[in-house]
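Scroll down for the structure; my scribbles are underneath it.
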Amino acid sequence: MFNLIRKSTEWGGKTLVLESGKIARQANGAVVVTYGGTTVLSTVVAGKAKEPVDFLPLTVQFVAKSYAVGKIPGGFLKREGKPSDRETLISRLIDRSIRPLFPSGFYDEVSIVCNLLSYDTVTPPEVTALIGATAALAISGVPFNGMVVGARVGYLLSEDKYLLNASADEMLSSSLDLFLSGNKDSVLMVESEASELSESQMLAAISFGHQNCQEVIKLIEEFREESGILPFGFIPHDITSLVDDIASSYTESFSIAYSNIVKKERVLELEKLRDQVLSDMLAKYEQPNGNLQCQYSSQDIISALKSFERSLVRSKIIETSSRIDGRAFNGIRDIEIEIDVLPKTHGSALFTRGNTQALVVTALGTPQDEQIVDDLDGDRRENFLLHYNFPPYAVGESAALRAPGRREIGHGKLAWKAIRYVLPEKSDFPYTIRVVSEITESDGSSSMATVCGASLALMDTGVPIKAPVAGIAMGLIKEGEKFIILSDILGDEDHLGDMDFKVAGTSSGITALQMDMKISGISIEVIEKSLLQAKDGRMHILDKMNLVIQESRECIKNHAPRIESIFINKDKIRNVIGSGGKNIREICEKTGARVEIMQDGTVMIYAINNDAVEYAKNMIMDIVSEPEIGKVFDGTVIEIVKFGAFVSFLGGKRGLIHISEIKNEHINAVGSVISVNDKVKVLVIGIDREYVQLSMRRVDQETGEPIDGELYNIRKTNSDSDDSFLSSGSVNNRHGSEKKRRGSGRSRRSSGGSSYHRDDLHNNGFGNGNRSFNDNRNGNEVPRKPRFF
């Protein structure tokens, strides 16, 4: 029933298995690839284009459903919705890897679906999916020039060791996360994020990955041979004579149009010429009865015109050593930079390079604003977001605004990778950071303008980044063995060239690298020269940026939110929260701040200004702090009794001010001096297992400063005497006669003096003429051990 084909090999320490003939047999090609514990079903279906087109209508979809990791989708429907960003990015990786290998002129619809069936959270699914897509194309009969395989490369800087298809845990210690694809002879695509690595380290990583792809390329070739399926015959439509016809009549006109350095004017001139060529060619080949004289259709004319323009611009660059806008091959367009361009945002920058412009804006939020990502590797939180928007007006088009597409998601992710390494640690800067790049003009390299603008906007915001980051896009014109590398390419140079090579980094090294090809790959030599030329361009751009701002502002804007983190003992978390959340609600209501408490004892305080942050922080510290002898605290009188007053301090702790510690003079009634709800400043003068003894008379009630002459070295004692209310606080354990203490104490109080003798101190902890509570000197009935709570 099944005609099984199976091939396997050991690769990167795991078993790689290709199998076909059992699942999805209605597709042109279907292969189940198992690599380690990850399984992907890749299918290819081809059909005639539904309408005439002059491009390859290739669609690639990577689908990762939650059952692959044994999960049920969240949400009400319990079913997967639109593709996640990760699915979109992997789809782009596969598309960019295989698109250059289809023959020129092949315009049939091709649909590739890579369905992740099982995922072990160790083996990279993008590697498995690309292998499956290539193997499925190889046995589908669709014309396809060569085998392409992808590999994920890591780098352990401390060991100078490169890793092949490492797990997510292993990549945590890696200074590089690079995915590349290549065929037998060359590299086709690179996507990477790095920690300021040098050009030589990046080149070695690319070479390492390409070499390790060869074993799998050989396996896929053997797999195709065993299947016995060959590509169906494809003969591209010959439009050579039509191209020559256009060239003979319009070379000079197009040369003049392409020499216009103003993009808007150049585009208008080229559009007029293209309309004229189409009209002239249709009229030339049309017969009186309306039928075409030969096989040339309007689509043929459009294809021929594109071929002519590509050849014209490329030959001009190579033969005359002159680019479209007259720059040298390594020349950078004029750069204009402004920061703080929007008054009420947390940070902003306007970066203009030639006719490419990015308005980049930052917004700071709290950790509660972090994006929760439901990923196959497990839920995670992102505190750095970068969104790239490319509206139609950026290229002078009239169209409706739509949701971000694959290109916008991909460009935003590249800029995100370029910036992420230089961001501060969350413990040092706990804000959630959102960067939005609005492309307001575009003539090539808008993603790299986003990188430059994001770096500038972050510094304007006051985010303490490690170093400024700049990006540059390189191009390639290759004819035979001759090639020219172009710095800071225009949109037309990107469209008509052979390579889009983007490099971003600091003055110390590369933080992101992306390469896309329009031909069947390039050699390591070309990549090396591109990296070195890109470094010169990156340094030039960084110099321009440094003229405007070299480092982050010392503080964030006044209208930006304030965040402060403090650490408390985990055992105190319940005290801060309070019964039913009472304490935390009270803090938020009184201060206007938001408070978030982590399980490790980290407390995050968010507010609109510093005063609110300090107020909330003080309230929290009051709750978690323990009374300390000799420290002054703010308190509130909560109860008046005959022998003193009870005071709430340190976030709800209760202490007692004995009547003799209220004022430095005799008082008949506590209520005549203080009342309930009075705010007082108190000094802790004694602590034992049951009581906290406080004093008002030893503290200046205006300034909160201890009064000179009223302090002494209080130390805790272990007196077991029932005649003393306190069991700590005295510096002298001598117990003089009651008569002596009473007499000396009265004389001092009546005279208001502040000079004392050590022998006058009783071990009750109040000192300075204070008597034992049981003296009942003021006529108050005081129990030996008053109830305290």
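Glycine is no exception: its Cβ is also placed from the backbone N, Cα and C atoms.
What you are looking at is a predicted structure, and each value in this text was computed from that prediction instead of being measured.
As annotated by Swiss-Prot, Mg(2+) binding site applies to D494, D500. What Swiss-Prot records for 737-749 is compositional bias 'Basic residues'. Residues annotated as compositional bias 'Low complexity' in Swiss-Prot: 763-780. Annotation source Swiss-Prot lists domain 'KH' at 561-620. Residues or ranges marked as domain 'S1 motif' in Swiss-Prot (evidence: sequence analysis): 630-697. For 709-789, the entry in Swiss-Prot reads region 'Disordered'.
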Listed binding-site residues (D494, D500), ranked by Cβ neighbours within 10 Å, top entry: D500
Counts of helix, strand and coil residues, the domain 'S1 motif' (630-697), according to DSSP: 6 helix, 35 strand, 27 coil
Residue counts (helix, strand, coil, in that order) that DSSP gives for the domain 'KH' (561-620): 32 helix, 16 strand, 12 coil
